[in-house]
Amino acid sequence: MRKIMGAKVLFFFALLSFSAVSAFAQDEEDQGLVMNFYKDSCPQAEDIIKEQVKLLYKRHKNTAFSWLRNIFHDCAVQSCDASLLLDSTRRSLSEKETDRSFGLRNFRYIETIKEAVERECPGVVSCADILVLSAREGIVSLGGPYIPLKTGRRDGRRSRADVVEEYLPDHNETISGVLDRFAAMGIDTPGVVALLGAHSVGRTHCVKLVHRLYPEVDPALNPDHVPHVLHKCPDQIPDPKAVQYVRNDRGTPMVLDNNYYRNILDNKGLLIVDHQLAYDKRTRPYVKKMAKSQDYFFKEFSRAITLLSENNPLTGSKGEIRKQCNLANKLH
C-alpha cells in the first residue's frame, strides 16, 4: 500500500514538474513583444538597422519619409506584420498597390536593410521588426525623438488589400472618422493629433488636394498660401505620371517639428483633415498646445507611435520570418 501511495506521490510531482517546464517553454516560445528581443539571437540587429537607415538617408533623403509612412500604412491595417511589403500575386492584390498607398515608395531599400541583417543573422529578424525599427531611426534622421520600441514581431503571410480602406483613415475623412479608427487601436485624441504631426515633413501630391483648388479655391485656405499651391498644382486633373506635389511645410520641410501645428492654425494645412484638426473642438486644444510646445508634441508623438507599433502583432509561433520582405516564404 505504501509503495502504491509513494508511486502516486512521485507521479503527481513529476506531473507538476512537467507542467511547469511546459509552461516555461511556452513562455519562452511566445514572450510577446519585449525590449531587445534579439539580444541573444542577433545582438547586432538594431545597430545594423540603425546604420543602414543612416547610410540610406545620406544617399536618399526621402527614405526617411518612407519609413515613417510605412509604420502607419502597415500597423494600422489589422496588424503590425509587414503585410504592406508583400508583392501582389496572381490571387491577391498587394496593400502597397491600393489607392490608399498612393505615393508610397522606397520598398527596395527595406530589402537592402533586410539583406544586411540576413548577412549577420540569417532567418532571425522579421521584416515587421525591420519596418518598425527603420521608422524609429527615420524619425531620428528627421530631427524627431528617439523612441524605445519593443521587438519580437513575426511576419504575416498575406497582404490585406481588401480591408485597407476599412482601417486606414482617408485624407478627406471627417475628424470623427479619423478619431474612431485610431481609438480602435487604443490611440486617444492627443495621440491622433500628434500622429498627424507627421504631416510636418514630406509632401502632398496634387491629386490629393486639387479638389481644394478647382474649380474654385477653398475659402478656408490662407489666401497668402494659395498662389504657391496653385503654382505647384497648375492642372485641375494632374497627370498621374508627372510627380506634382506641394511640400507640407515650406519652412522646415525636412524636419519633424511642431511647425505643422502653427501652419494649420494659420490655415496652411493642405489636406481637409489638417484643417479639421485645427478647428474641431475635440482636437483644437491639443493642436494649440503642440504649436506652443515641441516637447509636448514629441512626448505625445512617441506615445502614439509606440501604441501603433504594438497593434495586434504576430508573436511566438504565429506567422513566419520571411527570407525576403516582399515574398511570403512559400513563394520564395
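Quick reminder: no glycine exception, Cβ is built from N, Cα and C everywhere.
Feature annotations, reproduced from TrEMBL:
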{"type": "ACT_SITE", "residues": "HIS73", "note": "active site, proton acceptor"}
{"type": "BINDING", "residues": "ASP74, VAL77, ASP81, SER83, GLU95", "note": "Ca(2+) 1 binding site"}
{"type": "BINDING", "residues": "PRO169", "note": "substrate binding site"}
{"type": "BINDING", "residues": "HIS199", "note": "heme b binding site"}
{"type": "BINDING", "residues": "ASP249, THR252, ASP257", "note": "Ca(2+) 2 binding site"}
{"type": "DISULFID", "residues": "CYS42-CYS121", "note": "disulfide bond"}
{"type": "DISULFID", "residues": "CYS75-CYS80", "note": "disulfide bond"}
{"type": "DISULFID", "residues": "CYS127-CYS325", "note": "disulfide bond"}
{"type": "DISULFID", "residues": "CYS206-CYS233", "note": "disulfide bond"}
{"type": "DOMAIN", "residues": "32-329", "note": "domain 'Plant heme peroxidase family profile'"}
{"type": "SIGNAL", "residues": "1-25", "note": "signal peptide"}
{"type": "SITE", "residues": "ARG69", "note": "site 'Transition state stabilizer'"}
(message) With the cut-off set at 10 Å between Cβ atoms, which of these disulfide-bonded residues ends up with the most neighbours? Options: CYS80, CYS121.
(response) CYS80
(request) Around the Cβ of VAL77 (Ca(2+) 1 binding site), how many other Cβ atoms lie within 10 Å? Please give the count over every shown protein chain. (result) 26
(request) Check the Cα-Cα distances from CYS233 (disulfide bond) to the binding-site residues VAL77, ASP81, HIS199 and tell me which is shortest. (result) HIS199
(request) If we count other C-beta atoms within 10 Å, could you say which of the disulfide-bonded residues CYS42, CYS75, CYS127, CYS233 has the fewest? (result) CYS42
(message) Can you give me the average pLDDT across the domain 'Plant heme peroxidase family profile' (32-329), rounded to a whole number?
(response) 93
(request) Quick one: of the recorded positions ASP74, CYS80, HIS199, ASP257, which has its CA closest to the CA of CYS42 (disulfide bond)? (result) CYS80
(request) Return the residues near ASP257 (Ca(2+) 2 binding site), defined as same-chain residues 6+ apart in sequence whose C-beta is under 8 angstroms from its C-beta, sorted by sequence, else 'none'. (result) GLY143, SER200, GLN294, PHE297
(request) Using ASP81 (Ca(2+) 1 binding site) as the reference point, find which of the recorded positions HIS73, CYS75, CYS121, PRO169, THR252 has the shortest Cα-to-Cα distance to it. (result) CYS75
(message) Near CYS75 (disulfide bond) in space, meaning Cα within 10 angstroms, which of the recorded positions do we find among CYS121, CYS127, PRO169, ASP249?
(response) none
(message) Centre the Cβ atoms of ASP249, THR252, ASP257, go out 8 Å, and tell me which other residues of that chain have a Cβ in range of the Ca(2+) 2 site.
(response) SER200, VAL201, GLY251, PRO253, MET254, VAL255, LEU256, ASN258, ASN259, TYR260
(message) Which one is it, among the recorded positions CYS80, CYS127, PRO169, CYS206, THR252, that lies nearest to ASP74 (Ca(2+) 1 binding site) by Cα separation?
(response) CYS80
